[in-house]
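Q: Sharing the record's features from Swiss-Prot:
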type	residues	note
REGION	23-130	region 'Disordered'
COMPBIAS	69-92	compositional bias 'Low complexity'
COMPBIAS	104-120	compositional bias 'Basic and acidic residues'
REPEAT	194-216	repeat 'LRR 3'
REPEAT	217-238	repeat 'LRR 4'
REPEAT	263-284	repeat 'LRR 6'
REPEAT	332-353	repeat 'LRR 9'
REPEAT	355-376	repeat 'LRR 10'
REPEAT	379-400	repeat 'LRR 11'
REPEAT	427-448	repeat 'LRR 13'
REPEAT	473-494	repeat 'LRR 15'
REPEAT	496-517	repeat 'LRR 16'
REPEAT	519-540	repeat 'LRR 17'
REPEAT	542-563	repeat 'LRR 18'
REPEAT	565-587	repeat 'LRR 19'
Amino acid sequence: MGLCHSNCPFVEQKCHRIKVSRPTEGGVWPTTNGFSLDHTTKSAKTLGRTRTTSPKTNERGMNLGSSGGTSTSGHTSSGYSSGNAPGTSSSSTGGGATSSEMPAEIRPKVVTVKHPESNKPKPTTKKGKAIQADVDVIKEFQRCKEENILRLDLSKSSITVIPPSVKDCTSLIEFYLYGNKISSLPVEIGCLSNLKTLALNENSLTSLPDSLQNLKALKVLDLRHNKLSEIPDVIYKLHTLTTLYLRFNRIKVVGDNLKNLSSLTMLSLRENKIHELPAAIGHLRNLTTLDLSHNHLKHLPEAIGNCVNLTALDLQHNDLLDIPETIGNLANLQRLGLRYNQLTAIPVSLRNCIHMDEFNVEGNSISQLPDGLLASLSNLTTITLSRNAFHSYPSGGPAQFTNVTSINMEHNQIDKIQYGIFSRAKGLTKLNMKENALTSLPLDIGTWSQMVELNFGTNSLAKLPDDIHCLQNLEILILSNNMLKRIPNTIGNLKKLRVLDLEENRLESLPSEIGLLHDLQKLILQSNALQSLPRTIGHLTNLTYLSVGENNLQYLPEEIGTLENLESLYINDNASLVKLPYELALCQNLAIMSIENCPLSALPPEVVGGGPSLVIQYLKLHSPYRQM
């Protein structure tokens, strides 16, 4: 049956610009992050929190714009989107203002309702009197009985107790109680004989009543984010279940009675403490989605191969030492998550899983793949082998990359890209070879005509092939932390280039042709040996970020004033930089500037000591362009 999610609240997040004293590495595309098979949003506990500080006015690296706004930590509701567990949020926990007419000792608790059209909780009152939470629940049950309601949503209503009168709601087909403070369920819950969907996620349940087995029609049971230390025995008696969510509990053991749930098509045991999976898993032959990620599994039972209808199997972030050969029986498999385990090898039988479109084994200890494995998986579009122990590309030749659009080999020990390895990869647009041992690039690099993103950062490259100018579709080029002494003049032919990262090389100069990169938005030259910048840099009118700190610059060209879109400028740690051009004040969009450890002796000491804002003001005041 369809799962309603129209009332799922969205939590507004705010952010504001912060001062950065050193540029961060930019332009590097992130490695593939795998996938979550139950498609749920992250809880507030798992979301990163952003901590910001207001810029100091007396620092020499600072935000030139006005500071404002506040930082809010990420938070999402557990409402459902397409493919998620059931349930929608129509109310949120809150304690709005109580009626001033009531004595404090008898003031009822206020329930706030979050309306779909607004992010602001609104107190619900009737005739000036706040509704008591428990009384409200009882009234809802009474209404359910009288009107034969089919769907009842009491999510996020600060409910702590479900009253026995729930037994009267026998007409219910969908019952949503997620996001409350319920620690136990009454036995009367077993009277809801027509119930098909029961959402109890984000509560404090430690057990379930045996009467739950009376729910003979139950299809979907959501118990995510509770406090279950084991799978309650009564769950194994719910033979009609097709979808079971047990994510983020404290479950350590999965019992053999799991075999009783033969109707399951979706099972999520993600983020528990499971060390072993019973062979009984093989009885769940209707399973299409199985999420066992973020547990402590070291091995899988051979019986996993009996789950022949699986299309998605997520095993990432476990302690797996091996994968059974029976994995090859899962001929319908489309997504297989193996990231961050302890695998040293991949079974040959995986070549039978020809419907897979992504192969991701990031964060293991694999040094080689079975011969021809990738070539057999002809539908692959994304290959991620990053953070392993590869010394060379997988054997299989050009055929293994025929339909691939993205390859990530970051953080391995590869010292060579074979000539012609991508000769059949006509759709390859992204290649990440960051943190390897490359000393040179293949002579046929000019044939990679569809390439959009190249990352060769943190290798040992001493030069770039002149043919790099043939990559007419290239938009992002990362060459940071290499040993480059020069950039070929042909760099100017990369007309679509938006990001060029040359940080931490040995460059003493830049070709004037760099000014031909009219689409360039981010240019990173930090930590080189540059003594000057070409005047043609003024032609980069789309540039928003320029980092030339930690060089040997003696001056900045006057043409820098034509960079009308420049927002961030880092010129820190240039020991010979004694003055700045007045034209710098023409960069009206400049918001962040770093001048730490630059003498700037041509400027008054009190101006330099006042930081970038005062420096810019001084340049404006004394500039011959001040009337402009």
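Here, residue 1 is simply the first one shown, and the rest follow in order.
Placed from the backbone N, Cα and C atoms, the Cβ positions cover glycine too.
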Q: Cβ under 8 Å, sequence separation of at least 6 from the ends of the repeat 'LRR 3' (194-216): give me the contacting residues as numbers and ranges.
A: 1, 3, 43, 78, 85-87, 155, 170-188, 222-229, 232-235, 237-238, 240, 245
Q: If I take every residue in the repeat 'LRR 3' (194-216) and average their pLDDT values, what number comes out?
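A: Mean pLDDT for the repeat 'LRR 3' (194-216): 98.
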Q: Any residues 6+ beyond the ends of the repeat 'LRR 18' (542-563) with a Cβ under 8 Å from its own?
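A: The answer is 22-23, 26, 503, 518-536, 569-587, 589, 594, 625.
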Q: Mind checking which residues of the chain, 6+ beyond the ends of the repeat 'LRR 11' (379-400), have their Cβ under 8 Å from one of its Cβ atoms?
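A: That would be 31-32, 339, 354-369, 371-373, 406-418, 420-425, 427, 432.
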Q: Restricting to the same chain and to residues at least six past its boundaries, which positions have a Cβ under 8 Å from a Cβ of the repeat 'LRR 17' (519-540)?
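A: Counting only partners 6 or more residues beyond its ends, the repeat 'LRR 17' (519-540) has Cβ contacts under 8 Å with 23, 25-27, 480, 495-513, 546-563, 570.
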Q: In the repeat 'LRR 9' (332-353), how many residues does DSSP call helix, how many strand, and how many coil?
A: 5 helix, 3 strand, 14 coil
Q: Reported in the order helix, strand, coil, what are the DSSP residue counts of the repeat 'LRR 18' (542-563)?
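A: Helix/strand/coil tally for the repeat 'LRR 18' (542-563): 5 helix, 3 strand, 14 coil.
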Q: Count up the helix, strand and coil residues in the repeat 'LRR 16' (496-517) according to DSSP, in that order.
A: 5 helix, 3 strand, 14 coil
